[in-house]
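Q: Grabbed the feature section from TrEMBL, which reads as follows:
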REGION    1-144  region 'Disordered'
COMPBIAS  1-11  compositional bias 'Low complexity'
COMPBIAS  17-28  compositional bias 'Pro residues'
COMPBIAS  48-59  compositional bias 'Polar residues'
COMPBIAS  77-90  compositional bias 'Pro residues'
TRANSMEM  157-182  transmembrane segment
TRANSMEM  194-214  transmembrane segment
TRANSMEM  226-244  transmembrane segment
TRANSMEM  256-275  transmembrane segment
TRANSMEM  311-328  transmembrane segment
TRANSMEM  340-364  transmembrane segment
TRANSMEM  419-437  transmembrane segment
TRANSMEM  503-524  transmembrane segment
TRANSMEM  530-551  transmembrane segment
TRANSMEM  563-579  transmembrane segment
TRANSMEM  616-636  transmembrane segment
Amino acid sequence: MSSASGALPQPRRGRPGPWPPAPPPQPQAQPLSWAKRTGFQPRVSGESLPSASAPNSGQVPLPRPAEAPADLESGPPARPNSALPPPPAAPAAVAGNGERQQPPLPPPQARTRRRDSDGGRPNGQAAAPSLPQLQEEEEPPERPAHVKYELRDTPGLFPLVIYGFQHYISMVGSIILIPLIMVPAMGGSADDTAAVVSTVLLVTGMTTLLHMFVGTRLPLVQGPSFVYLAPALAIIYSPEFFGLNDNNFKHIMKHLQGAIIIGGAFQVVLGYTGLMSLFLRLINPVVVSPTVAAVGLSFFSYGFAKLGTCIEMGILQLLMVVIFALYLRKIKLFGYRVFLIYAVPLALGITWAVAIVLTATGVYSYKGCDANIPASNNVSAFCRKHVLRMKSCRVDTSHALRSSPWFRFPYPLQWGTPAFSWKMGLVMCAVSVIASVDSVGSYHASSLFVATRPPTSGVVSRGIGVEGVSTVLAGLWGTGVGSATITENVHTIAVTKMGSRRAVGFGAILLLLLSIVGKVGAFIASIPDVMVAALLCFMWAMLCALGLSNLRYSATGSSRNSIIVGLALFLSLSVPSYFQQYGVHPSGNSSVPTYFQPYIVASHGPVHTGSGGVNYVLNTLLSLNMVIAFLVALILDNTVPGGRQERGLYVWSEAEVAKRESAFMKDYELPFKIGRAFRWVKWVGL
C-alpha cells in the first residue's frame, strides 16, 4: 500500500467521479423553443448528426455510427470522446487499478442539423458547443451559399447575356448531337440534318420558356432527351421501313411524329390528372439511379464502333475533352473554370481545326478516289478500301454549309401530316414514363442548389404535365425525339454556379433567334461523324455518372441498395442483349450498320403471340436497357424491406406548410397570378 501511495500521491488521487467526465464549465447556448416546452436536456455530445454519406441530400438523416470514418470535406475528424460512452465495466477498472484519472477532453465541434423539410442544402460547418444547434422552426430557411445567382436573382444586363449563353454552351452536346445520329439513320441528307438541327434549337427555346413560366419554374433546359433516342432508332429500323427507296426521311419522320405526339399526350394525362403525385411514392433514388445510368450505357455499341472509322481523329477528340473536363477542371481564367465549363466546344474546336489542316495538306487524299462516291459504286478495289476512311476523316464531305439558306423558319408539320400507329405510340407512352422518372431526379437535385425548398408533389406533377405539352410540340415541329428535362442541367448548375431562371430564359431567347439562321444549323450539321461519336462517348459516360450520383441520397453502404442497383444494371445489359441477338443470322440485315443492329429487334424478337402489334411492342420495349433497369429497380425497391433512411426517400415539401412561406411561393408560384384560377386543382399546384 505504501509503494502504491508513493507511486501515485494521495492529493492527486481524488475520488472517482461519473463517467464520462464532465467538460469544463462553458457558456451554454440559449435553449430553443421546443427544448423549453419539452424540458429536453442533452447528455451526449454529437447527437443527431446528419448522414456523412449525404449531407446535402434533403433526405431523412441517417444515424452516425460511433466509429464512423471522418468526412474529408468536413474538416478534421472528431475527437474520440464524441462517440457514445464505453460500457459500464470500463470506469470500475479505471477507478480500481490506481491509475491517474484522465483530464476531460475539450468538447468536439458539432454540426448544425437541418430539418428534413428544408431541402438539406449545405450550410457552414463552424465550431459549435457540444449542444447540437437545431434551427428554430420560426426562422426562414437559409439560402444556398454555393451559387452565385439564386433562382429569383436578376444579374445585370452584361452578366445576364454572358451567363445565359454560357449555360447553353456547356450543354451544347446534349442539345445538338441527337439529330446528327438520327437523320443519317433515316436516310436524310446533310440539308435535312441542318433543318432538323434548326428545328431542335427552336423547340428547345420554346419549351424551356414554357417550363420556366408554367412548369416547375426551376432553371432547367428542356430539349431533346437521350431517353427517346433508343426507341426512336427502334422505330426507324422497324420492318415496314426496310423496303423504302424514295423519301425515306420524310416517311419515317411522319411516323416518328405520330408516336411522339401520342407519348406526349400520355405524359400530359400523367401530370395534369395527378397520377404523377401518386407515382412519386414509388420513385426513389434507388430507382432513379440505375434507370438514368442505363440510358447512358445503352449506346455502347455505337460509341467506339463509330469512332474507330477514323481512329486518330476520334481518339484525339476523346482525349481533348477528357483533358479539359478532368485534368484542367480546376484551372481558372478570369475567375471562371473555363476548361470545365466549355470542355465540349473547346475540344471540338481544336480537333476540328486539326482535321481541317490534315485535310488541306492531303493526308486523307487518295489518288483517283472520291469520298462522295459510295464504296459499292467504285470500280477500283483501292478506292473501295479507302473510301470509308476518306468520308470519315475529311471535313469537306458535307456541303450543307454552302447549300443551306441564310434564313429558314421551322414551322409545324414541315415534314407532312403525322402518321399515327398504335404500336409505335404505345412504345413512346412507356418511354415517356422513363423520361418522367429521369426528370423527377433532376427536379429534386436542382432544387437543392437554387431554391429555398424542394418542390411539392403538385409542382412536380405540373412540371411533368408541361413536359408532355413540350413533347407534343416536338412531335408537331418534327425534331425526331421527345422533349424532356436534360439530365446535364444539374451538372451545369453545379459547375457554372448559375441558378437564375432569368439567365436561362435569356439563353432560350437566344436559341429562338439562332434557330431562324439557316447557316447555324448547317454549321452544326457539318461536324464530322467521328467527332460526334467521340463527344457522345463522353456525354453518355457523364449521363451514366449523373444517374449513379443519385445514390448519394440513400445509404450508400447498404447491401440492400447495392444489390438492387447492381442487379438492375446487369439485367439492363443482359436481358436486352438476349432479345437483340435472338434469331439473328450473320448474313441477315446486312444493309443495317453493325452499331444499329440492336435496334432491329422488332423483326426477330423472341415474343411471338397471335398479334403482330403486341409482338412489336413487347420485343421493342424489352430490348431497351432503361426499361429493364426501371422495372427491376422499381419492383425490388418497393418490395424488399428497408427503412426510410436506408432507402433515402425523396423528401418533397408539404403544400399546406409551403403556402405559409413567402419565399417558397415566390420560387414556385405561377406568374401573373395564373395559379389563382387553378387553386381547386390541388394535385398540380400549390
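Quick reminder: no glycine exception, Cβ is built from N, Cα and C everywhere.
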Q: Taking 3+ C-beta pairs under 8 angstroms (sequence gap of 6 or more) as contact, is the transmembrane segment (256-275) in contact with the transmembrane segment (530-551)?
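A: Since fewer than 3 Cβ pairs under 8 Å link them, the transmembrane segment (256-275) and the transmembrane segment (530-551) do not come into contact.
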Q: Between the transmembrane segment (530-551) and the transmembrane segment (194-214), do 3 or more CB pairs sit under 8 angstroms, pairs being 6 or more residues apart?
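A: In this chain the transmembrane segment (194-214) does not contact the transmembrane segment (530-551) - fewer than 3 Cβ pairs sit under 8 Å.
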Q: Do the transmembrane segment (616-636) and the transmembrane segment (226-244) share at least 3 Cβ pairs under 8 Å, sequence separation 6 or more?
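A: Yes, the transmembrane segment (616-636) and the transmembrane segment (226-244) are in contact.
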Q: Who are the long-range neighbours of the transmembrane segment (340-364) in its own chain, taking Cβ under 8 Å and residues 6 or more past its ends?
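A: Tertiary neighbours of the transmembrane segment (340-364) are 166, 169-170, 172-173, 313, 316-317, 320-321, 323-325, 328-330, 389-390, 393-396, 495-496, 527-528, 531, 534-535, 538-539.
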Q: For the transmembrane segment (503-524), what are the same-chain contacts with Cβ under 8 Å, counting residues 6+ beyond its ends?
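A: Cβ under 8 Å, 6 or more out: 149, 155, 159-161, 163-165, 167-168, 176, 180, 190-191, 194-199, 201-202, 204-206, 208-209, 212, 219-221, 400-401, 403-410.
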Q: Does the chain bring the transmembrane segment (157-182) near the transmembrane segment (419-437), so that three or more CB pairs sit under 8 Å (pairs 6 or more apart in sequence)?
A: no
Q: In the same chain, who gets a Cβ under 8 Å from the transmembrane segment (419-437) while lying at least 6 residues past its ends?
A: 225, 227-228, 231, 234-235, 238, 254-264, 266-267, 270-271, 276, 279, 283, 287-288, 291-292, 295, 464, 467-468, 471, 482, 484, 613-614, 616-617, 620-621, 624, 626-627, 630
Q: Apart from its near flanks, which chain residues at least 6 from the ends of the transmembrane segment (226-244) lie with a Cβ under 8 angstroms of it?
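A: For the transmembrane segment (226-244), the list is 174, 178, 181-182, 185-187, 251-252, 255-256, 259-260, 295-296, 298-299, 424, 427-428, 431, 434-435, 438, 480-482, 484, 487, 539-540, 543, 591-592, 596, 599-603, 616, 620, 623-626.
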Q: Using a Cβ-Cβ cut-off of under 8 Å, list the residues of the same chain that are 6+ residues beyond the ends of the transmembrane segment (311-328) and lie near it.
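A: Distant Cβ neighbours of the transmembrane segment (311-328) are 304, 339-340, 342-344, 346-348, 350-351, 354-355, 392-393, 528, 530-531, 533-535, 537-538.
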Q: Mind checking which residues of the chain, 6+ beyond the ends of the transmembrane segment (563-579), have their Cβ under 8 Å from one of its Cβ atoms?
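A: Tertiary neighbours of the transmembrane segment (563-579) are 286, 289-291, 293-294, 297-298, 548, 551, 598, 601, 605-606, 619, 622-626, 628-629, 632-633, 636-637, 640.
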